[in-house]
Amino acid sequence: MRSWPSPFIPDIPGHGPAVRVHDTARGELVTLEPGPVAGLYVCGITPYDATHMGHAATYVTFDVLGRALRDAGHEVRYVQNVTDVDDPLLARAVRDGVDWIHLADRETSLFREDMTALSVIAPDHYLGVTESIDLIVADVEALLANGMAYRVDTPDAVEADGRDVYLDISQRPGFGDLSGLTREEMLPIFGERGGDPERAGKRDPLDPLLWRAERADEPSWDGATLGRGRPGWHIECTALAVRYLGMPFTVQGGGTDLVFPHHEMSAVQGCALTGTRPFAQVYMHQAMVAFEGEKMSKSKGNLVLVSALRAAGVDPMVIRLALLDHHYRTEWEWTDADLHRATQRLAGWRTALSGNGGAPAGGLLAKLRERVADDLDTPGALALVDAWAVRTLEHGGTELGAPGLVARAVDRLLGVRV
Ligand code: 5CA
Ligand code: ZN
């Protein structure tokens with residue numbers, strides 16, 4: 001799938017320290033040790049509505065991670081999916097009386113525009129489910145062949161012998177290691193987040209769907225020995241990560257709403273498929289962004305859209321600064337005050353950065369790098385630039401070239417074009 005144009009990443013002297021982040025599985029800060037190439041998989045959108053501040057927070061967070069890894073001297077291989085066929089997308093298309101393909105296409109295009117405007121570095125592999133069917137089918141067939149998956153009778157399948165396929169979770173060691181949830185805690189969440197604990201014929205209510213046999217009025221693809229149908233949700237991310245990054249890759253990312261079941265299942269499936277562990281070295285999650293008292297979500301409709309703000313004339317760099325002002329592990333609620341504060345900040349920075357000279361910047365570079373590499377402390381990084389801007393504005397610029405250096409550092413590390 002076409003991705004979007006990546007922004008230019010300016011060079012600055014030296015390089016940053018090793019990157020430390022919070023691993024959800026271990027519940028502690030860990031230093032990433034990826035070797036020359038860091039593999040990053042971040043769960044992409046289900047394109048049935050436009051990019052909201054929660055999505056934007058997630059993609060900006062992992063963009064900053066990618067920038068920190070590059071600054072520390074690693075090459076970054078970045079993979080992202082598009083869930084361009086799934087139940088909520090099909091349901092929205094039916095509700096609105098539109099073709100699901102057009103809906104997915106339209107919202108994915110808008111997402112690309114939003115990511116471009118927000119200066120987010122594009123994935124190296126940007127892949128829709130609908131263009132990855134063969135890969136997914138081969139993986140589900142492999143899981144059936146090695147006894148990790150099983151078929152369930154499906155009376156409402158279109159094909160007479162059509163049967164759904166599930167992963168046999170009870171066979172899997174390590175299930176629950178990521179989320180740390182008990183079975184009792186898992187069951188209701190599984191039901192709320194796309195799972196089907198009540199489905200008759202499953203060996204375990206928590207078993208995730210791998211392949212859904214074709215039903216009437218639903219899109220379907222040729223599944224070779226699986227029969228016609230479409231993939232379950234989690235297997236798409238397993239298949240793409242294994243194929244395009246290989247196991248174990250450096251970081252699996254997304255919002256905290258994906259810890260269970262999505263990332264737990266993706267990981268268990270990857271281990272079942274390859275016979276190796278772990279799936280990813282580290283699992284990183286962006287805290288939920290709320291609006292009007294609740295998690296911002298397409299299904300609830302309490303949305304602040306990136307595209308709507310852009311259409312209203314808000315500078316995308318103001319949006320990016322508003323997001324960076326919140327640490328990725330802290331839940332927060334979007335308000336107009338965020339916009340106001342970021343607008344003031346950008347204006348102040350622009351004034352300070354437009355002179356010939358500025359306050360000395362050598363020390364600032366090292367401190368900025370340290371903040372970003374320390375569990376992506378972006379609020380701390382913004383505060384450092386604020387302090388430099390105040391010094392420059394209050395005392396005038398003494399160091400020629402400092403504004404240029406600071407502007408490049410802010411662009412390289414934080415993705416803010418001033
Ligand atoms: N297509 C799946 C992942 S494979 C999906 O969850 N799509 S999504 O469109 O619902 O979400 C896209 C990304 O944004 C996910 O990483 C999700 O965790 C994150 N996200 C969704 N809502 C919020 C929110 N309110 N705050 C922060 N991140 C969010
Ligand atoms: Zn995913």
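Count begins at 1; order follows the chain as displayed.
Cβ coordinates come from backbone N, Cα and C, glycine included.
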Which stretch does TrEMBL mark as motif ''HIGH' region', out of 1-11, 23-33, 45-55, 331-341? 45-55
Hey, TrEMBL has L-cysteinyl-5'-AMP bound by CYS43, GLY44, ILE45, THR46, ASN81, VAL82, THR83, TRP233, GLY255, THR256, ASP257, VAL289. Any idea which of THR58, THR276 it lists too? THR58
Note on Zn(2+): the CB centroid of CYS43, CYS237, HIS262 has further same-chain residues inside 8 Å, namely ASN81, TRP233, HIS234, GLU236, GLN252, GLY254, LEU258, HIS263, SER266
With respect to ligand 2, which members of the binding-site residues CYS43, VAL82, TRP233, CYS237, THR256, VAL289 satisfy a Cβ distance under 6 angstroms to one of its atoms? CYS43, CYS237
Determine, to the nearest whole angstrom, how far the Cα atom of ILE45 (L-cysteinyl-5'-AMP binding site) is from the Cα atom of CYS237 (Zn(2+) binding site). 12
Contacting binding-site residues for ligand 1, chosen from THR58, VAL82, TRP233, THR256 when the Cβ sits under 6 angstroms of any of its atoms: THR58
